[in-house]
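Listed in TrEMBL:
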type: ACT_SITE; residues: A:LYS83; note: active site, charge relay system
type: ACT_SITE; residues: A:SER158; note: active site, charge relay system
type: ACT_SITE; residues: A:SER182; note: active site, acyl-ester intermediate
type: DOMAIN; residues: A:24-477; note: domain 'Amidase'
Amino acid sequence: MTLTRKTAAELASSIKSGEVSAVEVTRAHLDRIAEVDGPAESGVHAFLHVDTDSALAAAAVVDQKRADGDELGPLAGVPLALKDVITTADMPTTAGSKLLEGWRPPYDATITRRLREAGIVILGKTNLDEFAMGSSTENSAFGPSRNPWDLTRIPGGSGGGSAASLAAFEAPLAIGTDTGGSIRQPAAVTGTVGVKPTYGGVSRYGLIACASSLDQAGPCARTVLDAALLHSVIAGHDPNDSTSIDQPVPDIVAAARKGADGDLSGLRVGVVKELGGEGYQAGVEARFNDAVALLSKLGAEVVEVSCPHFAYALPAYYLILPSEVSSNLARFDAMRYGLRLGDDGTRSAEEVMSLTRGAGFGAEAKRRIMLGTYALSSGYYDAYYGQAQKVRTLVARDFDAAFAKADVLVSPTTPTTAFPIGEKVDDPLAMYKNDLCTIPSNLAGNASASFPCGLADEDGLPVGLHVMAPVLADDRLYRVGAAVEQAYAAQWGGTLLEQAPALDGRRGESATADRGVVS
Amino acid sequence: MPSISREEVAHLARLARLDLAPDELDHLAGQLDQILGAVAQVTEVAADDIPPTSHALPLTNVYRDDEPRPCLPAESVLAAAPAAEDGRFRVPQILGEEA
C-alpha cells in the first residue's frame with residue numbers, strides 16, 4: 001500500500017519501528033499534493049500554501065529523535081494539513097481573505113504549538129471560506145476547493161480545504177474549525193471523519209475569530225482512531241484562552257478503541273424527530289435510516305426524541321453569528337496588519353478604513369457584517385439579537401431533555417450531498433440550510449461529529465451520520481463512530497473513500513520546490 | 001416581516017465602515033431583506049420568561065497572577081503592519097484639518 005493511503009496510526013507506528021522514515025512519509029504526501037492539488041483553477045485546490053522545506057525539516061527532526069533513542073509521541077512524523085485560519089509564525093495565515101493575503105503572524109496558535117510539540121509535520125495551510133463563513137469554500141478570496149469525489153462539486157465549508165486534503169490522500173490528518181458545522185459538513189460531503197469537540201475543549205488562542213461564543217477547532221481524519229489521536233494532541237486547558245475548559249479531557253482514544261469492538265449494548269441513541277423530512281434528499285435519509293438500523297444491530301437501544309426548538313436554531317444562529325462577526329471583524333481596520341488601501345496623505349483614517357474594508361472583504365463577509373450591524377443597532381437589538389439569545393437557551397434545554405432519554409443523539413449531518421460549485425453561491429438562504437443539523441450543537445456548546453455512512457443512491461456521493469453527545473462527553477462520539485466504522489468496513493470491504501474515483505495525476509510541478517501561495 | 005430600504009443599507013454600511021459600490025448596495029438591500037425575513041422567525045417563539053444565553057457554557061471571570069510575562073517583540077509585530085515609523089504603527093490622519 002502506498003504511504004499516502006495509510007492511516008495516521010499506521011504511519012506513526014511504521015515510523016516508530018523504523019520501517020519508514022518521517023522524511024519519506026512527508027515526501028510521499030508532498031508528491032501527492034504536487035500531483036493532484038493544482039492547478040488552482042481545476043485541481044483539488046485544498047491548499048493555499050505548501051511549505052515543503054519546513055515540512056521536510058520537521059520530519060527530519062523526528063527521524064533524528066528516533067535515531068537518538070528519544071520517546072516519540074503517538075503521531076510523531078505524521079503529516080497534517082492546517083486550516084488557514086490558525087496562526088503559524090513560519091507560514092502566511094490568510095483566513096481565505098484578501099485582507100490578510102501574505103500576512104505572517106508574529107506567533108503560533110496554541111494548536112500549532114501543540115502539533116509541533118507532538119512531532120506532527122505541518123505540510124501547509126488549507127483553503128476555507130473567508131473568515132470561515134460559508135459551506136462550500138466558494139467564499140475564499142483565492143478560489144474554491146474541489147470535492148475529490150467529483151471535482152465539479154463543493155467539498156463543503158468552511159473547512160473544505162481540510163476535508164478535501166484528506167479525501168484526496170494529500171494528508172492523513174487535518175485541523176478544522178466549526179462555528180456552525182464547518183468541520184462536520186465538509187466531513188460528511190467528502191466521506192471523511194470530523195469532530196467538533198465540546199466548546200472550550202480546544203484552545204482558540206491564535207484561531208482567527210469568526211463568532212467567539214460558537215467557534216471551536218477540532219480534528220479531521222479518515223478514520224475514527226486517527227481523529228481521536230489528533231483530538232488528544234490538541235485538546236486541554238490553555239491559560240491563553242479564557243473560555244478554555246480547565247478540566248481533564250475524556251479518554252477519547254480509549255473510547256475509539258473500545259468502540260472498535262462493535263458492541264454498543266447499553267447505549268441509548270436518540271433519533272431527533274425534527275432533523276429530517278422536507279428538504280432532506282431521499283438518498284441522505286435512506287443512508288441515515290440504514291445507519292440507525294445498524295446502531296440497533298450493534299446493540300444500541302434506539303428511541304425517538306423531540307427537540308422542538310431546533311427549528312429556530314438556524315434563524316437564531318443567523319442573528320447571533322453575524323452580530324459577533326460584525327464586532328470581531330472590526331479589528332480589520334487597515335491600521336495594524338493586513339491590507340491598507342487609499343492611504344495617499346489626503347484621506348483620513350476612517351476613509352482609508354472604509355475603502356480597505358469595502359475592497360478587501362468578499363460578498364458573504366459583507367453580508368454578515370451588515371446583518372450583524374443591523375441586529376445590534378438600537379431599536380432592533382431586543383427583537384432580534386436578544387430574542388435569538390433566548391432561543392439559544394431553549395435549544396440548550398431541548399438538548400438537556402433529550403440527553404435525559406438518550407446517551408447520544410443522531411441525525412443526518414447535512415440535508416443533501418455535495419452540490420455543484422456555483423449552484424448556491426449567490427443564494428444565501430439556500431446556502432445557510434446546509435448547516436440545519438449541525439448548528440444546534442454550536443449554540444449549546446456540546447460535542448458532535450460526522451462519520452461516513454455510505455453513498456446516496458441518486459448521485460453516488462457520500463452521506464454523513466451526525467452524532468451529538470453532551471458537554472464534555474466527547475468520548476461517546478468516538479465509541480459510536482468506531483463501532484459504526486468497523487461494521488461498515490466489514491460490509492463494504494474497506495473504507496468509504498476506497499470507493500472514491502482515482503484522481504487524474506497532473507504531475508508537473510516539482511514537489512521539492514516551495515510552491516508558495518498557489519492562489 | 002421587516003423591510004429594509006436602500007438608504008438604511010447605506011447607513012449600515014457607514015456604521016460598519018464598509019465603502020460599498022452603488023450596485024452592491026442594491027444587491028445587498030434585496031438580500032438583507034430576504035435574510036431578515038427568514039431570521040425574524042425567532043420572534044414567533046414565546047420566550048418572555050426565558051433568560052438569554054450569551055455563551056454556550058457558564059463562564060466565570062478568570063484572573064491570572066499579576067506577574068510580568070514576555071510579550072511579542074515590537075519588530076515582529078510591526079513587520080506585519082501596513083506602515084510603521086519610529087517603532088510605531090503609522091496611520092493616516094485621524095482628525096480632520098479643521099479640528
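Even glycines carry a Cβ here, placed using N, Cα and C.
Automatic, uncurated: that is what TrEMBL annotation is.
Note on the domain 'Amidase' (A:24-477): its mean pLDDT in the predicted model is 97. Neighbour density for the residue listed as 'active site, acyl-ester intermediate': within 10 A of its CB lie 36 other CB atoms from the protein chains shown. Here the Cα atom of A:SER158 (active site, charge relay system) is found 9 Å from that of A:LYS83 (active site, charge relay system). Long-range Cβ contacts of A:LYS83 (active site, charge relay system) within its own chain (separation 6+, distance under 8 Å): A:LYS125, A:THR126, A:LEU128, A:ALA132, A:GLY159, A:GLY161, A:SER162, A:ALA174, A:ILE175, A:GLY176, A:THR177, A:ALA217.
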